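As structure tokens, the structure follows; a few thoughts come after it.
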Amino acid sequence: MAEDAHTEDLSTQTPQQEGLPERLRVHSLARVLGTTSRRVLDALAEFDGRQRSAHSTVDKADAERVRAALTESPAAETPPEEAPAAETPVADLVVVQAEQVEVVTVSEAGPAEPAEPAEPEAPAAEAEAEAETEVADEAETPEPTFRGAVLVGDEPESRLILEHANIPPARETQTERPDYLPLFVAPQPVSFEPAVVDDEDEDDDTETGAESDFDSGADSDSDDDQADRPRRRRRGRRGRGRGRGEQNDDATSDADTDSTEDQTDGDEQESGEDSDDSGDEDSTTTEGGTRRRRRRRRRKSGSGDSDDAVSPDDPPNTVVHERAPRTERSDKSDDSEIQGISGSTRLEAKRQRRRDGRDAGRRRPPILSEAEFLARREAVERTMIVRDKVRTEPPHEGARYTQIAVLEDGVVVEHFVTSAASASLVGNIYLGIVQNVLPSMEAAFVDIGRGRNGVLYAGEVNWEAAGLGGQNRKIEQALKPGDYVVVQVSKDPVGHKGARLTTQVSLAGRYLVYVPGASSTGISRKLPDTERQRLKEILREVVPSDAGVIIRTASEGVKEEDIRSDVERLQKRWSEIEAKAAEVTEKKAGAAVALYEEPDVLVKVIRDLFNEDFSSLIVSGDEAWNTINSYVEAVAPDLMPRLTKYEPAGPDAPDVFAVHRIDEQLAKAMDRKVWLPSGGTLVIDRTEAMTVVDVNTGKFTGSGGNLEQTVTRNNLEAAEEIVRQLRLRDIGGIVVIDFIDMVLESNRDLVLRRLTEALARDRTRHQVSEVTSLGLVQLTRKRLGTGLVEAFSTACTHCGGRGIVLHGDPIDSASSNGGRKSDSSGGGGSGGGRRGKRGKKGAARTEEVHVAKVPDHTPGEHPMFKAMAAANGKHEGDEDHEDHEDHETAEDTTAAEVRDDTRDEHDADERAHVVTAAVGAAGDEDLDDSDEDSDLDSDEESDDESDEDEIELDDDEDELDEDIEVIGDSDDSDDSDDSDEDDDSDDSDDDSDEDEDSDSDEDEEPVREVYEPPVTAPRARVRRRAAARPAGPPSHD
């Protein structure tokens, strides 16, 4: 439309110019004429009676008429005493406007200069108030309300008037509206101090774009008109300083124009009465846009404003905190450089972990009440079984070792093995020799006489003993190469990592742990509150001042004399260790010495684990019985009734592990894949960095409900089994668990809570971390000793433990899979279900040339060929003498009609006869048995590769998990959707295929009776035609 056309708002045309534009808007015409939009609208209404708005478009003729009418009107209405002002032409006023624009343009580049006062025009403004009030009362033409400020030379005109005019002091508010008001006289003059125009004003106004210029220009006269009314405060201007006025004008120009285009004159009067409130509201809603513009200006300039500088966008008394740029903050180094910390990195890491734990809301486990403590103890029946066994493999053939198994409700949850080869070093105390100190690693390597050096980190150094309690704690200041240092092994060597050492020595007893040099005591939170209070009173009298203790759970109900004797025994042992270390240090023998070694694993497990929680302790073997019996009688005679010695019924009777089915459970624990009772699976992989557990549904398809319920049940079952596997395999370090994705947050919390409750039975130190963004559960666990797999396995000498075979040439995975399946199907017909049948089909086609022992059927006996011969006018007996190519021509004419119906039947017949001949030559094996064997083989392959019915929802529903190997498989992709039930039903009929139905199976029976041929040598050309599957008589192989 014409009114939507964008016109130049910043027009500087004056009446001195020869002509007006062909088309222009009302507000632009009012600006050119130096009057208000209301007067222009009134003049236009007098001409034709039409109702217009400030955005209406007028042509040149109407504009000339309005200019003529408005030029004559002021001269006629001006009083005689104001004749000098009336004689002043309007053109002069416009010239002054143009000059004023030039002054503003210059002032933007430099400091603002006060303009000439506009006092001569003030009386004219007072005189015109009465006339314009009368016109405003009579006029009822609708006119939308326009807010904002017109931009002349990138500045609002109203701002130019206030900033560049020496305005007289404020006077009483006028009660009458002036009839005519020149553009450059402030309707409500206020005292104002000129402010320095910042360079950011240009950016602020420029960023608003052409639309902001258009809207603000259209609203200038409307603002002037509203400002003439009594008690009207100009939004963002009066009494609020330049800063807030600029903010309101700039921020509201875009929003107000769009929201007020369709309002009427009555709306304008209502908005005029509420202008104060609306102005404040608009400034609040658009404050975010102003802040964004400030940020853009900072990014353009490259640096922010100083704290002392006042931003023009902020109101007075506003405290602005601006973040200093990174370039100013990092004076010493650049962002690309690596930053360091003062002091020990490992000590800082400890402090950071504590802070992160507090920030994350992690709390210590709650102290149990006595009822909860007894309920937890009685909830599970625990049994400990010990077996002595003789080695049967070199190099220590004939040696004895001891196995210890802990059962909870008949299920093995922990396993320990003790032997000379797998002896644990944890707890041993050595007088080591420092080999080298690495300040950059904050670690020292110490020779402890075990072949491989142990590592001592800065976080494990006893700084008080080293004399660096209050100084800068650096490991190079505490240790030097060649120094003797008393260290204790805190972690066994694993893989290529040496033993972990610490100088904070602790001695474990039956009821407590003695810590020399410590000053604090600790009590296990697994004890009830009443027992903790009793033990605290005992420790105040028992513990010496130069040591600390940690109470174990085994001290529950123990008398004060037993605890005192335990403390005195451990204190005496520490005195002996110190004396021996001082003696060796004085001699300077130059070799590491073992100061104290922990007892045998058997004694350690009995000391640490066997308490009132166990209902019985069953021991098999004389040597183990003597050791356990003597130790328990010495330290815990109240537990003697729970000891039982196992005596086999005869020499061939099963041992104690076989009776409790422990060997069977240990054998399953050696596997990589663990089957859940419901059919789900766990895949446990151990790497150098962490242990990863993957949860799969396996053959678990649910027992009702939707997919979310099925997945949650599988995850709940997996959470308990994962904790059991961690304890049984003694997996330590970082453990990451990939549960199947659940949609509901409540189900995720339920699984995590079940995992935490199961870990409460684990006596080792563990911590469940947060769930990652990918849905992985992280936890850490302290290793007790040698793991189950590590104790009974060694790395493969061929592949180095990687489990792969390397070749010199690249291996084609497709050909290798196809060869494996064809070999297995040829040997025993492996591959259950449809996969097995397709494999057998391929094998039959490959071996058809070698097995060809079945003679070709006489074509004339087939009913279809009889009909073909009759149609061609030939005799049945003449068909044998015809050339083979004539047969192919006749067959091709009918192949398109019957090939789709008989293709599967012929294929099934061929496979049946070929397999029959092959089996007869091999020994007349049963086809059903071969199918069952192939089904078993396929199940074994699916364990290693994929399950056809396995549901995997781990990372994304649209992505294929590695457990569903559809891509790259030798079979068709649609077989992956087949279930085991379908495979079992298909195995009962070896001739069925996924495209066949019961009707096709019924049709196969009479065909087999018709095609029983005598065993003769087949023709080679017919064999080639049968391989190509023509629509003709099938070849009976």
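Note: Cβ is positioned from N, Cα and C throughout, glycine not excepted.
Feature annotations, courtesy of Swiss-Prot:
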type	residues	note
REGION	1-23	region 'Disordered'
COMPBIAS	47-67	compositional bias 'Basic and acidic residues'
REGION	47-90	region 'Disordered'
COMPBIAS	106-126	compositional bias 'Low complexity'
REGION	106-369	region 'Disordered'
COMPBIAS	127-141	compositional bias 'Acidic residues'
COMPBIAS	196-226	compositional bias 'Acidic residues'
COMPBIAS	230-242	compositional bias 'Basic residues'
COMPBIAS	248-284	compositional bias 'Acidic residues'
COMPBIAS	291-301	compositional bias 'Basic residues'
COILED	561-589	coiled coil
BINDING	Asp694, Asp738	Mg(2+) binding site
REGION	810-1037	region 'Disordered'
COMPBIAS	834-843	compositional bias 'Basic residues'
COMPBIAS	844-864	compositional bias 'Basic and acidic residues'
COMPBIAS	879-891	compositional bias 'Acidic residues'
COMPBIAS	897-913	compositional bias 'Basic and acidic residues'
COMPBIAS	923-1006	compositional bias 'Acidic residues'
Original post:
What is the three-state DSSP composition of the compositional bias 'Basic and acidic residues' (47-67), stated as helix, strand and coil residue counts?
Top reply: 10 helix, 3 strand, 8 coil
Subject >> Other C-beta atoms that fall within 10 angstroms of the C-beta of Asp738 (Mg(2+) binding site) >> reply: 18
**OP:** Report the mean pLDDT of the predicted model across the coiled coil (561-589), rounded to a whole number.
**Re:** 89
**OP:** Count the Cβ atoms, other than its own, that fall within 10 Å of the Cβ of Asp694 (Mg(2+) binding site), considering every protein chain shown.
**Re:** 21
